[in-house]
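Working notes for the structure below.
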């Protein structure tokens with residue numbers, strides 16, 4: 001009579017062998033970990049600390065860049081223009097954010113053929129604070145002016161971010177293009193400081209919808225600004241992925257072949273004026289100008305003598321050349337004002 005085949009014996013022996021091997025491996029691994037921590041624990045701890053600080057700084061970058069609450073009432077009160085035709089409009093971005101716009105209407109001679117300026121402001125306050133500047137644009141340039149509050153600013157919803165601001169600019173341009181009472185061939189972008197980066201990016205993505213661009217006291221990029229403001233720390237060696245907000249205007253300006261005006265206040269104590277000159281030099285536009293105001297500060301260059309004369313000359317001469325730019329051969333002359 002055959003003996004019954006028993007599986008348990010070999011299986012038990014196999015399990016015991018595996019357990020014994022695993023225990024030995026665990027002891028060796030534990031010893032290796034102890035030795036590694038003893039030898040390199042300081043480096044590991046330093047790495048963890050640096051990683052934590054990097055994460056905090058990455059999240060903290062928005063606080064250093066966006067100031068929608070300055071002045072303190074900026075999120076509660078948006079001054080409206082008085083005594084002039086205007087519309088207070090709300091639009092939606094593609095990601096569903098509700099934005100607040102002010103449209104200042106030019107009602108002088110031939111209003112249907114007037115240019116329309118899309119005004120992108122800096123990193124603080126709201127569109128109401130820019131109304132006095134925008135009214136002077138309307139009067140001197142005989143143009144409609146559309147001011148938009150980015151997400152998280154003024155009465156607009158959401159929180160500011162680089163991609164969010166780009167979407168806000170696109171939504172504003174889309175809205176203007178839907179209006180039958182606006183000449184779609186004469187849409188001009190204007191941006192000051194951070195708004196200059198937004199305007200340059202919008203122009204680079206919409207070369208056939210933007211007739212011209214004007215930027216004032218803006219920067220090459222946020223990494224360039226970080227290297228300038230924090231010169232005591234080797235910020236220039238940080239890779240781009242360390243920056244949550246980049247605003248790489250020195251790259252975005254390269255596709256912008258439409259007529260371009262670069263406005264630089266040489267008394268700007270925040271953004272080095274040399275950055276405006278570098279953006280001007282990077283621009284491939286055959287019809288570009290660099291308007292220089294020696295007494296112009298970061299926020300108040302528009303109050304300098306001759307400021308609106310420079311803008312008016314640009315609007316009259318260079319905007320007309322936009323229609324011929326596709327067929328004109330050679331390089332147009334460049335004027336430095």
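These residue numbers are counts, starting from 1, taken along the chain as shown.
Using the three backbone atoms N, Cα and C, a Cβ is placed for every residue, glycine included.
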Original post:
Looking at 9-29, 30-50, which one is transmembrane segment according to Swiss-Prot?
Top reply: 30-50
Original post:
Once the DSSP letters are reduced so that anything not helix or strand counts as coil, what is residue 299 (N-linked glycosylation site)?
Top reply: coil
Subject >> Integer Å distance between the CA atoms belonging to residue 298 (active site, charge relay system) and residue 193 (active site, charge relay system) >> reply: 8
Original post:
Any idea which of the recorded positions 193, 299 has the thinnest Cβ neighbourhood at 10 Å?
Top reply: 299
